[in-house]
Amino acid sequence: MTHSTQQLSPEGVAEGKRGRLIRELVNRDKTPLIILIMAAVVGVVTGLLGVAFDRGVDWVQQQRLLALANVADSALLVWPLAFIMSALLAMMGYFLVSRFAPEAGGSGIPEIEGAMEEMRPVRWWRVIPVKFIGGLGTLGAGMVLGREGPMVQMGGNSGRMIVDIFRLRSPEARHSLLATGAAAGLSAAFNAPLAGILFVIEEMRSQFRYSLVSIKAVFIGVITSTIVYRYFNGERAIIEVGKLSDAPLNTLWLYLLLGIIFGAVGVIFNALIFRTQDMFVRFHGGDWRKLVLIGGLLGGMCGLLALLHGNAVGGGFALIPIAAAGNFSIGMLLFIFIARVITTLLCFGSGAPGGIFAPMLALGTILGTAFGLSCAHFFPQYGIEAGTFAIAGMGALFAASVRAPLTGIVLVLEMTDNYQLILPMIVTCLGATLIAQFMGGKPLYSAILARTLAKQEQARATVIAQEPAVENTPQTGR
């Protein structure tokens, strides 16, 4: 009997198996090259936006302070001018948000999370200019807001802009570049590339669709945005507190205690934010005129507070190294902490375009320093350096509120360049996260997104309920 095929030898079988394995390995990762190229473009665009936004805010603040310095000798001029300038700047931000892009209000991070789940729209053509110019107004007014929220939202919208400009149709490209822009935005805001990556993977874990394509895109976008940022601003740490000593092992229990305290503080802080948001909604009732007026009053108040006690207002980055160095007494630290909690709640809870990262980091630094000074007083045998507790506190409040401990740890270490404090940071942030979870607290951004979606559904249900009434009016002839 003749055979049309020849039986393979054992060597031929092995060779064929090796060839098949190689082909499977080569074909396993078919990453669309266009997505990776566009991720680099998104990173560059976001980095440039970050540099422009950062410098724009600094310029507005400098011009405001320069104008006040020119009339500093006249009390009759400096106080009214401080109120009026900050009020007008803030009103500009509130007006743009309320009239042109309501989704640009607040941090903007929950909007990106909702967009990643296809639950919130991404209208980049109006969000980017409104968030940019509105943020210049509110942050330039000296309000207690951060720059990172606007950067994350503008970065995510930049990703969607690139998708639309280059007509990328695949859902994978739309999702990957949206996440890439968000990560690149955080990286550009804090000069913290690894924290930008972890923020998307950890904090947005419910929305982020983990795949080889998406993770590579995020890496590339973060790298390019960081390169752009460092090209213009240098490679130094964004918060310079100096090199602190490592924490002795016999003091780790104090860091755990600090984490427990911050866990409770984080839950209370989040609850107060939600109550403040509800309070402002009751005040303005959706009327944009009332909202703009409220924003003007808040901005003017921050302008006056800047003259009375400058540490109570502003983003807080300038305050962090001063507080961490132990330049305030425990009583003064607690006073500043309470004052900044109130101003943070009012500014962020009102819906002003601006983030809460920086104010939160400042609050953590202040309370952490107060705790460290207290420990140094009660436990002199440990030789405690209060600044180490300040650094741990920065990450702990973030971890308890946002419920992203790994991001909080890496973010603070990258920002301060004190990597030797990683062990006390882990202990503090883990303790804060566990206590916050035990107390039933909800992650800040996820809770804000849930509230936004609930309002969206309520508005939709109201519209649907009104439709039959419109159809049955006498004017319809029915």
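Note: Cβ is positioned from N, Cα and C throughout, glycine not excepted.
Listed by Swiss-Prot as binding chloride are Ser107, Ile356, Phe357; the candidate from Tyr255, Tyr419, Tyr445 that the record includes in that site is Tyr445. Considering the side of the membrane named for each residue in Swiss-Prot, Asn70 and Lys442 do not coincide. Of the candidate ranges 12-16, 312-316, 417-421, Swiss-Prot annotates residues 417-421 with the feature intramembrane segment.
Measuring Cα to Cα from Glu203 (site 'Mediates proton transfer from the protein to the inner aqueous phase'), the binding-site residues that fall within 10 Å are Tyr445, out of Ser107, Ile356, Phe357, Tyr445. Its Cβ taken as reference, Glu203 (site 'Mediates proton transfer from the protein to the inner aqueous phase') is surrounded by 25 other Cβ atoms within 10 Å in the chains shown. Spatially, the transmembrane segment (355-376) is not adjacent to the transmembrane segment (77-100); fewer than three Cβ-Cβ distances between them are under 8 Å for residues at least 6 apart in sequence. For the transmembrane segment (77-100), the residues of the chain that approach it from at least six positions outside its boundaries are 60, 64, 67-68, 71, 126, 130, 133-138, 140-143, 288, 291-304, 306-307, 350-353, judged by C-beta separation under 8 angstroms. Across the candidate stretches 33-69, 288-309, 330-349, the maximum count of CB pairs under 8 A to the transmembrane segment (215-232) is reached by 33-69.
Other residues of the same chain near the chloride site, with their Cβ within 8 Å of the Cβ centroid of Ser107, Ile356, Phe357, Tyr445, are Gly106, Ile109, Gly146, Glu148, Gly149, Phe348, Gly355, Met360, Val402, Leu444. Against the transmembrane segment (422-438), stretch 253-281 shows more Cβ pairs under 8 Å than any other of 124-141, 253-281, 288-309, 330-349.
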